[in-house]
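TrEMBL has this to say about the protein:
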ACT_SITE  A:ASP231  active site, proton acceptor
BINDING   A:GLY107  diphosphate binding site
BINDING   A:ASP201  Mg(2+) binding site
BINDING   A:THR229, A:ILE230, A:ASP231, A:LYS268, A:TYR269, A:MET276, A:GLY277, A:ARG278, A:GLU337, A:TYR442, A:GLU443, A:GLY444, A:ARG445  substrate binding site
DOMAIN    A:99-466  domain 'Phosphofructokinase'
SITE      A:ASP202  site 'Important for catalytic activity and substrate specificity'
SITE      A:LYS228  site 'Important for catalytic activity'
Protein chains: 2
Amino acid sequence: MAPSFVPNGGFVAAGKSSSASVTSRLTSVYSEVQTSRIDHDLPLPSVLKRPFKVVDGPRSSAAGHPDEIAKLFPNLFGQPSAMLVPDDSNAELPDQKLKIGVVLSGGQAPGGHNVISGIFDYLQERVKGSTLYGFKGGPAGIMKCKYVELNSDYIYPYRNQGGFDMICSGRDKIETPEQFKQTEDTVTKLDLDGLVVIGGDDSNTNACLLAENFRSKNMKTLVIGCPKTIDGDLKCKEVPTSFGFDTACKIYSEMIGNVMVDARSTGKYYHFVRLMGRAASHITLECALQTHPNITIIGEEVAATKKTLKNVTDYIVNIICKRSEANYNYGVILIPEGLIDFIPEVQHLIAELNEILANDIVDEGGLWKKKLTDQSLKLFEFLPRTIQEQLMLERDPHGNVQVAKIETEKMLIQMVDTELEKRKKEGSYKMEFKGQSHFFGYEGRCGLPTNFDATYCYALGFGAAALIHSGKTGLISSVCASLHTLIIVGNLSAPVEEWTVGGTALTSLMDVERRHGKFKPVIKKAMVELEGPPYKKFASMRDEWALKNHYISPGPIQFTGPGSDAINHTLLLELGVQS
Amino acid sequence: MAPSFVPNGGFVAAGKSSSASVTSRLTSVYSEVQTSRIDHDLPLPSVLKRPFKVVDGPRSSAAGHPDEIAKLFPNLFGQPSAMLVPDDSNAELPDQKLKIGVVLSGGQAPGGHNVISGIFDYLQERVKGSTLYGFKGGPAGIMKCKYVELNSDYIYPYRNQGGFDMICSGRDKIETPEQFKQTEDTVTKLDLDGLVVIGGDDSNTNACLLAENFRSKNMKTLVIGCPKTIDGDLKCKEVPTSFGFDTACKIYSEMIGNVMVDARSTGKYYHFVRLMGRAASHITLECALQTHPNITIIGEEVAATKKTLKNVTDYIVNIICKRSEANYNYGVILIPEGLIDFIPEVQHLIAELNEILANDIVDEGGLWKKKLTDQSLKLFEFLPRTIQEQLMLERDPHGNVQVAKIETEKMLIQMVDTELEKRKKEGSYKMEFKGQSHFFGYEGRCGLPTNFDATYCYALGFGAAALIHSGKTGLISSVCASLHTLIIVGNLSAPVEEWTVGGTALTSLMDVERRHGKFKPVIKKAMVELEGPPYKKFASMRDEWALKNHYISPGPIQFTGPGSDAINHTLLLELGVQS
């Protein structure tokens, strides 16, 4: 069953695959760049290269409602964070073979395969004879006990490669008592010492619930989470970034930079670029910092300042008019995918529409509109016809309006066009507006991980295995730059050696939400902080970017040579390395 | 006015710019990759590094209707192609200073700036004290005598950079007697020895008409063309490829490769990817060869086999059904931008709609549809509602249907969905179809040129200047690999040294078209040849790609290290280097 590497740079299948979707990579021919990445050497933080011990920090609390979190996690609440420190005695770590399971949960993010490689390599180096199982297709694979035993040959073609296809992912959650029972059966059947859950906020909440459950039942299985999401909204002081964010932002920024050069060369289009990131606008903000667009809409700012759709439209139109005075008839505008979700009046309209669509007859003549509140009716009439239709026609299986299907970039183009026509008649705008729409989404989720994400993920995986080896549970693997690194070297990539590795208590990231009369634990999404360094830097520069053209074209991600060690601005600014 | 390079990797403006759109690059901050590219050393074919002379080939003819071409170009018809060969005597070339103008015409293509650098560096090295003028904003800049004198400082920041913003481009044509007169005035005023026209088929036709005109009037200005278009449809035996094609295809293929990995990881989407390329499907074919998608539609094949839209839909649906039997519920499908233009029945429908929209009342009740022929009515009813609306609503200033605005990828998703629903009811399809649409267009036109395009364009520019220096006119700059190179080394990039440089008679590329009762000269677009090696290779592999997943992810364009010397398959196959 082992794949064999063939001289033409490809892999050939070494037998009939048992699962088409999981092992299909083995029949792939690899590109030169893919092939070169497989054998790319990953630097390890020095603490992972030598014997270490785990040192506990002070007792932890919760992100909010510590009393409720304490009730929900009686066995885990208050756990200290753990830090790996060199220890040449190596007395504390057992050399008993380990059995560990790993699962990928939720949407793809570049670097997931490297987390798995990191876990595997740790076991190979430190606890020979151990076993790593990959659960297939996400948490459902745990519940249904669908897994594959991962060995060197199996893992090899996925090293430093994008995607999640080594074991695939899924969006199921382990929630009901039956599902917890299935999970217990699986970890018992496989005799698992540990389980690594690679996922976003929801999946890490789930990981913590599993850890609590196993401990409460005196089961030996330890659970460690890993911070994954290109959206960049799972982070805290000890978890400086979620993996995949760096790669995705660089892929999008390459495209934005190209579009900018095109805009400037052509001189006649406004490009409206919608970027993935539903809940938070980190991706849009980071891409703005990388490329310096003329206009950037940050959802969190729109929400905080209670902007209406008309306000957003006017903001764009005002800049377009000002630019026209400087004889610029082109530009680039970045819009977060989740923009609409940040606008309160749109939320109200959609709620009202859902109500009407569920209970009333929508007549052709439009009498149904009388059921809308004045504010919502005004907004509905303000929307372009095609968007009105999308709102009325596109419904999910529950009959609700599918906000995700609304092409915000096209909607804004139409609204901006309408407003500019008005201003033209008033004489305050004299040019010809032409909008071009773009949506960059799936293209960024599965790219080859950057050197940063590849290295970061490998350390996360190595660290996760080390935490399990050290008997830890309910932690999220965390890899940070040491203060020394930050002050002395000023960037994260060169001194990987000095990265710190540890685990942060998952309960310390949690708050509760009231759902159906009960408190539910949640890891709050990290939104763009309007007082944070990335936003503040952007805010200090955007007026200049709006009227002058300070476009930057980052170019394609490089794996060697100039640019290959670059790290995203958000991380550097939040760590205080960049100003 | 010279830009100055500042240590933080940026350029600062060195004075108030006279034209915002043309000199805005000078106020840009450059990314690390952009900066590193500026000083990237470009290898030159050895013939350009030493003294050379021009050797003429045999008398040429035309691509079609030689008698008519001879009448249209009495001064140029029959010109031999020219080849540069080493000549250490260097006796023939004058050392009188030259004045040359250069213009960028039509859509952007990566490498345009390098052609200009090549011309400039030739003059610097071989005819010191010469002058290079850049006409601003395309051919209109020639007619209006809008130009900038290009010097080292001006050119420097654009070296190896994407876009056309050094002097910008435009789509005007020099057609009327008045416009020819304006052009004569400009070249006389500037005392031009030569003019280099960088453009596609139309622009090179125009270049040839200018050359003929100047010669017929005994004016000294020589005209040389350069083959530019990402679409890859300007080529012939002596002009193996148009520049920009290599870079654009690699940018699109990076994105396609990422989407493939995403498709395989997620396992639940069919991605329909529309790719730029209106007239010919070279880009789609090349991207297919680079990435191995499950389904690829080649416009030329659709036209040759007289496929209907229903045929195309069924072809896709049949493969999706077959894949579902192998338990694959995902895939990637490439569609050329110009697909609709290749389908005869769609052409008929659009012609009828244009007629009806121009002359009749389109009633809400749909009585107008009776004016359609049976075939067109059937097709119209077959189209998804949103596409019907687009056909009726989106019209250009002449009232015609705007075919370019039709989102073919979305149209196909809807048609495939409808057909699959039917098959589901019939029991021949059992899965859940979900389509995701993508359009990759502007993102690829202005990227940083690949090493191949950078080198190729520099040689094209160097060669164009050499041809003017040698007194040649009415030629298109041509750079080829020598037979020796092809046989011995097997790839084009390493032995740039051995590339041949010369010029091909523009009249030899020409045929005539009858327009308004007159013969007009045209350079025929090079379409995908169904007997050519690239198509044949694709056709021999597509059945396997359809059902098995042989996806390749080329990854981002690399400028150093593995993959940085890669050359597109189309060129290698057409040169016989790859099989």
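Just so it is clear, glycine is given a Cβ too, placed from its N, Cα and C backbone atoms.
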Between the recorded positions A:LYS228, A:ARG445, the one whose Cβ has the fewest other Cβ atoms within 10 Å is A:ARG445
Long-range Cβ environment of A:GLU337 (substrate binding site), under 8 Å and at least 6 residues apart: A:ARG274, A:LEU275, A:MET276, A:GLY277, A:ARG278, A:THR408, A:PHE439, A:GLY441
Would you kindly give the Cα-Cα distance separating A:ASP202 (site 'Important for catalytic activity and substrate specificity') and A:THR229 (substrate binding site), rounded to the nearest Å? 11
Listing the recorded positions A:ASP231, A:GLY277, A:GLU443, which lie under 8 Å (Cβ to Cβ) from chain B? A:GLU443
Cβ distance under 8 Å to the residue listed as 'Mg(2+) binding site', same chain, sequence separation 6 or more: which residues? A:THR229, A:ASP233, A:LEU234, A:VAL522, A:ILE523, A:LYS524, A:LYS525
For A:ARG445 (substrate binding site), which of the listed recorded positions (A:GLY107, A:ASP202, A:LYS228) have their CA atom within 10 A of its CA? A:GLY107
Candidates A:GLY107, A:TYR269, A:GLU443 (binding-site residues) - the one closest to A:LYS228 (site 'Important for catalytic activity') by CA: A:GLY107
What span in Å does the substrate site cover, taken as the longest CA to CA distance among A:THR229, A:ILE230, A:ASP231, A:LYS268, A:TYR269, A:MET276, A:GLY277, A:ARG278, A:GLU337, A:TYR442, A:GLU443, A:GLY444, A:ARG445? 36
Neighbour count (Cβ, 10 Å) for A:GLY107 (diphosphate binding site): 22
Of the recorded positions listed here (A:GLY107, A:ASP202, A:TYR269, A:GLU443), which is spatially closest to A:ASP231 (active site, proton acceptor) when Cα positions are compared? A:GLY107
Binding-site residues: A:THR229, A:TYR269, A:GLU443 - member with fewest neighbouring CB atoms within 10 Å: A:TYR269
Between the recorded positions A:ASP202, A:ASP231, the one whose Cβ has the fewest other Cβ atoms within 10 Å is A:ASP202
For the domain 'Phosphofructokinase' (A:99-466), the averaged pLDDT of the predicted model is 94
Any idea what DSSP makes of A:GLY107 (diphosphate binding site), helix, strand or coil? coil
Measuring Cα to Cα, tell me the gap between A:GLU443 (substrate binding site) and A:ASP202 (site 'Important for catalytic activity and substrate specificity') in whole angstrom. 23
What does the structure give for the C-alpha distance between the residue listed as 'diphosphate binding site' and A:ASP202 (site 'Important for catalytic activity and substrate specificity')? Integer Å is fine. 12
Mapped onto three states, the DSSP assignment of A:GLU443 (substrate binding site) reads helix
Cα-to-Cα gap, A:TYR269 (substrate binding site) vs A:ASP202 (site 'Important for catalytic activity and substrate specificity'), nearest whole Å: 40
